[in-house]
Amino acid sequence: MEVESANKDMRAAQRSTLIRIVLVASIAAGVQFGWALQLSLLTPYVQLLGIPHTWAAFIWLCGPISGMLVQPIVGYYSDRCTSRFGRRRPFIAVGACFVAMAVFLIGYAADLGHLFGDHVDKPTRPRAIAFFVVGFWVLDVSNNMLQGPCRALLADLSGNDQKKMRTSNALFSFFMAVGNVLGYAAGSYTRFYKIFPFTKTKACDVYCANLKSCFFLSIALLSTVTILALTSVKERALSSQPKPENAAGEDEERVTESAGLPFFGEMWSAFKGLQRPMRILLLVTCLNWIAWFPFLLFDTDWMGKEVYGGTVGKGPEGKLYDRGVRAGALGLMLNSVVLGFTSLGVNVISRGIGGVKRLWGIVNFLLALCMAMTVLITKLAESARHTAAANGGATLSPPPAGVKAGALALFAVLGIPLAVTYSIPFALASIFSHASGAGQGLSLGVLNLAIVFPQMLVSVASGPFDALFGGGNLPAFVVGAISAAASGILSLTMLPSPTTDLSVSKDAISAVPAFH
């Protein structure tokens, strides 16, 4: 009877932990809803404000620069936060509040610019651009303040259980997919502004008003899931948390000793103390995101320009471009559906093909193939337009059904490698950092540097680089294909497996100075 009672208590505790993991992971849906709107609608939006394609990429520098600084700093201080509300929850709450403020600022950028002197009939609106950039900075700072502690809290809830770590990150990826589906569906629907008729103003046309309305929905979703998670999942204050059985006071001593160190000195110590598994993980992640960012930043722009043959602005070519952008938003929604289903099966798939490193390597080659296929789809669309012009048909018409279907299929297939990218690296970082006695917050912040540096590189170089080859998106996509192939090779040949390499070298790892 005692054994049966103990088993019931254990199962109940496991269910309780899983529920808490699900609630925290659901915050990703609220964050990703707004992020999906950014990816699908903001690049065309900033060009409508007067920023040309060549320079639009520089707007996205806000994200990586803020991520480079904010997420490691937030991770560092969340590891050491002694608030009575817990280590992670205060940062999550503050981040969610700032996200809501930033979304309002971005949505009303055109109206504020007009209020302060912009002329709506001029092609460039400098004041609106200034408000937009400030709002975008605040939004990216807030997202980094929010996501890092969320993932760290998931790692805290998982303890030293590698299966739970993989499951929690897979659930985080799944809810990102849910947010993506909702965000891209909202972005592809053009009549949301009718729900909020006050959003359409003299300075904000239908496109702008629809974007503004979508952001209102984003705030509502993020507020709901954040409040639900923070009120349901409790944390103990750092000083009152029980010590791990195998730590024997070591973690508390480490936190106490390092708490007085300046943050950047701690970061330098973290990099000097990086062990081989983490160094390779950072390299593979960096190459992987060099491949992803050109497409993530310009996917709908690619659909509007290269596939549909439109241009940003008014008139028939502008309408054709808008149709392409909406088709791209539909493609991103399909991508997110595949992403969601794949996220739920990442653990099963990785076991079936021999481990997470092999899975990551394979999907990187799939990513490389898909990026290369953008060239073929673009050439087919151009050929169809040339054929129509030669036969006296309309040159400003959507691509043939086959080309459009191929482009949408490409978006959908990319959901498979994206699911792995959103889950496996973070799970490995949590596992590697736990094996070395590292703090989860700063460890995930260090991993974030391998994401933001590629984004900075792509943001700075993609516009001028594409301009050298005629101003399209294909050159950056080709570079992405090469980078994805390199990431796949390194993943298969050099990335350690958490269940073999780490178990063999556990004693050696414990003897190496840990990064926190």
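Using N, Cα and C of the backbone, Cβ positions are placed for all residues, glycine too.
Keep in mind that TrEMBL annotations are predicted by a computer and have not been checked by a curator.
Now, the feature entries from TrEMBL:
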TRANSMEM  18-37  transmembrane segment
TRANSMEM  57-78  transmembrane segment
TRANSMEM  90-108  transmembrane segment
TRANSMEM  128-146  transmembrane segment
TRANSMEM  167-187  transmembrane segment
TRANSMEM  215-233  transmembrane segment
TRANSMEM  280-298  transmembrane segment
TRANSMEM  327-347  transmembrane segment
TRANSMEM  359-377  transmembrane segment
TRANSMEM  405-429  transmembrane segment
TRANSMEM  441-462  transmembrane segment
TRANSMEM  474-495  transmembrane segment
Long-range neighbours of the transmembrane segment (128-146), counting only residues six or more past its ends (CB under 8 A) = 27, 31, 34-35, 38, 42, 46, 49-51, 59, 62-63, 66-67, 70-71, 74, 91-92, 94-99, 101-106, 108-110, 112-114, 118, 203, 448
Ask   = Per the 3+ Cβ pairs under 8 Å rule, pairs at least 6 apart in sequence, do the transmembrane segment (167-187) and the transmembrane segment (359-377) touch?
value = no
Query = Do the transmembrane segment (215-233) and the transmembrane segment (90-108) come together with 3 or more C-beta pairs under 8 Å, pairs six or more apart in sequence?
reply = yes
Inquiry  = How about the transmembrane segment (280-298) with the transmembrane segment (359-377) - do they touch, taking at least 3 C-beta pairs under 8 Å (6 or more apart in sequence) as contact?
reply    = yes
Request  = Report the listed stretch (18-37, 327-347, 405-429) having the maximum count of Cβ pairs within less than 8 Å of the transmembrane segment (359-377).
outcome  = 405-429
